[in-house]
Amino acid sequence: MAETSLSQQDRERLVLAAIDAKEFAYCKYSKFRVGAALLSAKGEIIKGANIENASYGGTICAERTAIVKAVSEGIKSFVALAVVTDVASAISPCGMCRQVLREFCALKMPVYLVPADYLKRLADGDEEGGIKTTSIGELLPDSFGPEDLELPRTS
Ligand SMILES: [Zn+2]
């Protein structure tokens, strides 16, 4: 289960940042824009978008863009993530992003999967705006993380 200690105001701020981040997606191959935003423990918001490449393997997802931006600036403690695309259903991070998020985020950290029509849904009276709330632990059960490398070896 996700820990829902985030204030409504912080969640709103984070979701709007993810929507904003999507505007800078560079996705000329997939035509699938993704925006992500991380909220740091100190209240900073770090945005990311998917950045594709003509050599497809060089593509990086929005979630990893955000994490790499944050960590490379010395921010390594996060309290929430929001992800948004241009489709009406909640799209969740790919497997590789889940693992990278797992490195830096608590298993109970909330992950907000935001539908493209979030603002319309809010205006229509849906208090949640269609957001699906999950967590790193739910997205990546029985995961392997940094602490596993500290376990004593038996041989
Ligand atoms: Zn990904």
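The backbone N, Cα and C atoms fix where each Cβ goes, glycine too.
Computed from a predicted structure; not experimentally measured.
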Same-site residue for Zn(2+) (record: TrEMBL; known: CYS94, CYS97; options: CYS61, CYS105): CYS61
Helix, strand or coil at ILE51 (substrate binding site) [DSSP, three-state]: strand
Lowest local Cβ density (other Cβ within 10 Å) among binding-site residues: ALA54, CYS61, CYS94, CYS97: ALA54
Of ASN53, SER55, TYR56, CYS94, binding-site residues neighbouring ligand 1, Cβ under 6 A: CYS94
Between CYS94 (Zn(2+) binding site) and ILE51 (substrate binding site): CA-CA distance (Å): 15
Fewest other C-beta atoms within 10 angstroms, as judged across GLU52, GLU63, which are the recorded positions: GLU52
Helix, strand and coil counts within the region 'Disordered' (133-155) (DSSP): 9 helix, 3 strand, 11 coil
